[in-house]
Amino acid sequence: MHQVDPNLTRRKGRLAALAIAAMASASLVTVAVPATANADPEPAPPVPTTAASPPSTAAAPPAPATPVAPPPPAAANTPNAQPGDPNAAPPPADPNAPPPPVIAPNAPQPVRIDNPVGGFSFALPAGWVESDAAHFDYGSALLSKTTGDPPFPGQPPPVANDTRIVLGRLDQKLYASAEATDSKAAARLGSDMGEFYMPYPGTRINQETVSLDANGVSGSASYYEVKFSDPSKPNGQIWTGVIGSPAANAPDAGPPQRWFVVWLGTANNPVDKGAAKALAESIRPLVAPPPAPAPAPAEPAPAPAPAGEVAPTPTTPTPQRTLPA
């Protein structure tokens, strides 16, 4: 008989116990691992691999830009409107717009002065005032150029002493009235007035002639300068204009309706030719106001009553006194 080694039995028992313990531990680990895995976060999605995808022929769309608010469309533009042509005609005016103000050609001019003595009216030039013309032998209106404001209220302003304007009717006091045409009358008037106001030796220079039109009434003007022999004197200047209609040949024609303007100046205070022309063309005949209407006829007095219808005047009987016998 074989004798069993007691140590071998004990070793086998120990090995069996160790094997049982190892199996129990393995089962515990197998059960615990799934529980621990379920508590972890979800795994990240797999990264797509571009290498495996086929190349695309279409370009990728660009990233959207930041949106910008479009400008407000013009009122007259349409969605399909083309750019405007710089050479195109301007659009027609709005038919509902108010028309521009129309200035009447015969509108009264500002600061208009009536001259009853000469029978005309005129527009006062800017910067000029009317002066006293009572001591003048020729003309009925005298204008002076102001050089400043009046020193005190109610007093006339200071005026220049080297320039003046004379206006009046071209009557028989002036030799120029005998000239049949306005151009000859203006030249004659300029020559006579030049000798009267500038009686110094000299030479006439820079002579001019200008046509005038005063609201349909024709006229003419003459201008020249005088270079005096005395070099200390500034050149004199004179502008003369005649406007109106000369006398007609008809026996029943009225007096001639012609007026004149004489503008005197110097090189230090020259004649304003444009203002002189405007002054002459502003002359208008002074129309007398219409006569006052005749008074209405008085109501007739009532007719006297017929004689048969006159009521008798009551009379009081005179008392009679009886005398004693």
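The backbone N, Cα and C atoms fix where each Cβ goes, and this holds for glycine too.
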Per Swiss-Prot, the candidate from Thr66, Thr313 carrying the annotation O-linked glycosylation site: Thr66
Which listed span Swiss-Prot calls region '3 X 4 AA approximate repeats of [DA]-P-N-A', if the choices are 85-107, 200-222, 223-245: 85-107
Selected residue, Swiss-Prot feature O-linked glycosylation site, from candidates Thr57, Thr146, Thr163, Thr181: Thr57
Candidate annotated in Swiss-Prot as O-linked glycosylation site, out of Thr78, Thr316: Thr316
Site from Thr36, Thr49, Thr266 that Swiss-Prot describes as O-linked glycosylation site, others unannotated there: Thr49
Rounded mean pLDDT for the residues that make up the repeat '1' (85-88): 66
